[in-house]
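Notes for the one structure printed next.
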């Protein structure tokens, strides 16, 4: 159903807005990947994890936004049973992977600030590869159990999904069976997937804050904090909206309010992440400048 309750003109305006956001998201995240790969100065562990985050954001958008754009223009408001399950599966896969990757990035900042002399040894290529795999892996079992269990229920009556993608809460409302056990699982799953990484992030930043306070110079404190500020902002945007949406799968919150919350972490945050990391990071800005200068020089020749 997407935003079918809104007037046609508003839907057209939303289409143009989301199309621009979608294109900016793809361009920004692809640019972040290319620049961090091309520039030798950005081959540190922090930018390795940032590349992984950009890959996740691109996948997140490809799963949701193209179908939403088509629905807004009423090209095709239908989705097959298998298509709905596939969309939900990859949505949960990328969402869970992002939760754990953000925790991994917080650990990386903890090592960099609290153990700077040992940072290259601790966060070597092998370790960072293992951490990346460990971040991506939880998405598979969570997405498999959640999607398989939900779509094994009998569906009857209306087949209208009151959302702009096949998310668990609106699809759950179409089930004509007792879903109490599934709802318990959904709450427990949310606690494990959202709260555990969140607690790891809080622990990392508690240690980071203590280490920063011990730095004697104000300039040193500001420099240390600046390396974490972008990640903190991204974490805040992602976790707040995600938690508000999924802690109560069948809550009495209006569908429109849930749609707005979902837009924040499915559409807006993936666009903001590369912008936040580039605007608040001098290394990325300098790398972008060097890359464009090299491109101009090569074109002149």
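Glycine is no exception: its Cβ is also placed from the backbone N, Cα and C atoms.
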Which listed span TrEMBL calls transmembrane segment, if the choices are 12-38, 120-146: 12-38
Range annotated as transmembrane segment in TrEMBL, from 58-76, 153-171: 58-76
Folded-back contacts onto the transmembrane segment (12-38), same chain, C-beta under 8 angstroms, at least six residues removed: 3, 6, 47-48, 50-51, 54-55, 57-58, 61, 65-66, 68-69, 72-73, 267-268, 270-271, 273-275, 277-278, 284, 287-288, 291
